[in-house]
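Encoded as structure tokens, the structure appears first; notes follow it.
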Amino acid sequence: MAKYIFVTGGVASSVGKGITVASIGRLLKARGVRVSVQKLDPYINVDPGTMSPYQHGEVFVTEDGAETDLDLGHYERFIDVNLTRLSNVTTGQIYSAVIQKERRGDYLGGTIQVIPHITNEIKSRIAAVARQTGADVVIVEIGGTVGDIEGLPFLEAIRQMRKDVGRDNVLYIHVTLLPHIGATGEVKTKPTQHSVMELRRVGITADVIVCRSDYPITDEIRDKIALFADVDVEAVVPLHTVDSIYEVPLVLEEAGLGAYLTQRLGLSASRPDLDDWRDLVARIKAPKRKLAIALVGKYVELHDAYISVVEALRHAGLHQGVDVDIRWISSEQIEEEGCEPLLHDVYGIVVPGGFGDRGIEGKIAAAEYARVNNVPYLGLCLGMQVATISFARHIMGPESRANSTEFDLHTPHPVIDFMPDQLDITDKGGTMRLGGYPCKLTPGTRAYAAYGVDVVVERHRHRFEFNNKYRRLFESAGMIVSGQSPDGRLVEIIELRNHPWYVGTQFHPEFQSRPDRPHPLFRDFVAAAAKTFREGDQRPLPLEQNGAVTEHEPHSR
């Protein structure tokens, strides 16, 4: 029988539950324990696919096409496992399922209530993870903060789980914040005491308290928390703020959490092997030269909107021995000020995914700037599409008004257009091309050199695609289709022939990058940027003109 670790949060949101859960998964995996992870989100949306990035951050897409919480990205990167739609459950999903069953008559005329119908549905989703993955331990994070009204059904469900599967098979971890009072220099425990009491009111007694703090906590503070929370001192685990999230598993291991969980759950575990992880952290902390990379987007005020892109860049930088210095550039600011003041000193440009026409001309300008000035460029989803639009306007002239039908339904040159199977779809949620699809690579291209295989599977999230009516024109002018669907109908990767490194992907490679195994395209993109950086950018830079190549003065960065 699988065992379950339930992780709740107290005092404040964003205390680091997701990273804590991912780190616990890493500690157990290092002991040979089979682990799976699940996130329970109390919001009423069915999934985050239609939510504003400003409210939710990134939408992480799983291999099987689920639009999920960004914490699943942390789980995958730390534990190195591909999760499925089972790993993210929302209140919207639970109520939708229960109402559908009621409409079918599954409840035989009974009165549908939160207990037992909603809680039973939640418990069935939790059990499904263990059943379908064969995990020894399922770690379940409950989103939000203890005391939130929308989280009560989830807390009741995990309370019942201890009775359903046996007390020895369930463990509760409470992640809480210890605020620091600057005026007195004290770390305060009172909010944690109250948070533990709030958890007890719903019938859950925490077995472990993980104490988040910006400062190291003393043994005296641990003793005090242990007394009021009624746990072993060993179960009060300090977790102070660190420079890199990848240090967290080592901090928790040093605090004895891995050994404590193994003992409390009676797991058959081997000696922990964290040597590779320690080496990873040592390389992260080693001094490195900074490499400026611009990330041009419309949600740059909230870095979590692009968290997988950020992590993929860091993974690639670590592999290349450089510290990627991300310059957050608003595409709307480019529209106002132009590219030169904002991009003149960067060595690579990334344009990530997005939707809507706000700031779109700034993204197109960034793609054009990278092409003209031979700055290494990586376009992701929309970033590939704006590169296509930029190239179309270059070879056909700005008066062509080449565009995507997403931004101009009446453009005379729709070089990016609706996918045929999207034309009759009116609903927004869960209706895009989602999840992993195969991509056949073209030998002799940068994409093929990066991957080193003929066919790859990458994750998608889009409604629009390259318009194949323009494919022959583009290829004759110097844009190569270096990846396509196996049937040849969908362009997946484009790149420029006469450029140091210019690649756009219709998919999202950032979702499959790992700290110890950077994604091949990010790896080679950062390598190209680092090469420019190390050479001092003194190369002559060719400027394409309708397929021809001319020389102009080196661009100064």
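Yeah, the Cβs are placed from backbone N, Cα and C, and that goes for glycine too.
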Per Swiss-Prot, Ser13, Lys188, Thr189, Lys190, Pro191, Thr192, Gln193 bind UTP; matching candidate in Lys39, Lys123, Lys163, Lys224: Lys224
Per Swiss-Prot, member of Asp64, Asp69, Asp71, Asp80 binding ATP alongside Ser14, Val15, Gly16, Lys17, Gly18, Ile19: Asp71
Structural state of Glu406 (L-glutamine binding site), classified by DSSP into three states: coil
Ile19 (ATP binding site) - helix vs strand vs coil (DSSP): helix
Other residues, Cβ within 8 Å of Ser14, Val15, Gly16, Lys17, Gly18, Ile19, Asp71 Cβ centroid (ATP site): Gly9, Thr20, Val21, Val175
Site of maximum Cβ density within 10 Å, from binding-site residues Gly16, Gly354: Gly354
Cβ neighbours within the same chain of Gln385 (L-glutamine binding site) - under 8 Å, at least six residues apart: Gly379, Ser404, Ile416, Phe464, Phe466, Gly504, Gln506
Between Thr192 (UTP binding site) and Ile19 (ATP binding site), the C-alpha gap once rounded to whole angstrom: 19
Cβ neighbours of Met384 (L-glutamine binding site) where a neighbour is any other Cβ within 10 Å: 27
Neighbour count (Cβ, 10 Å) for Leu382 (L-glutamine binding site): 25
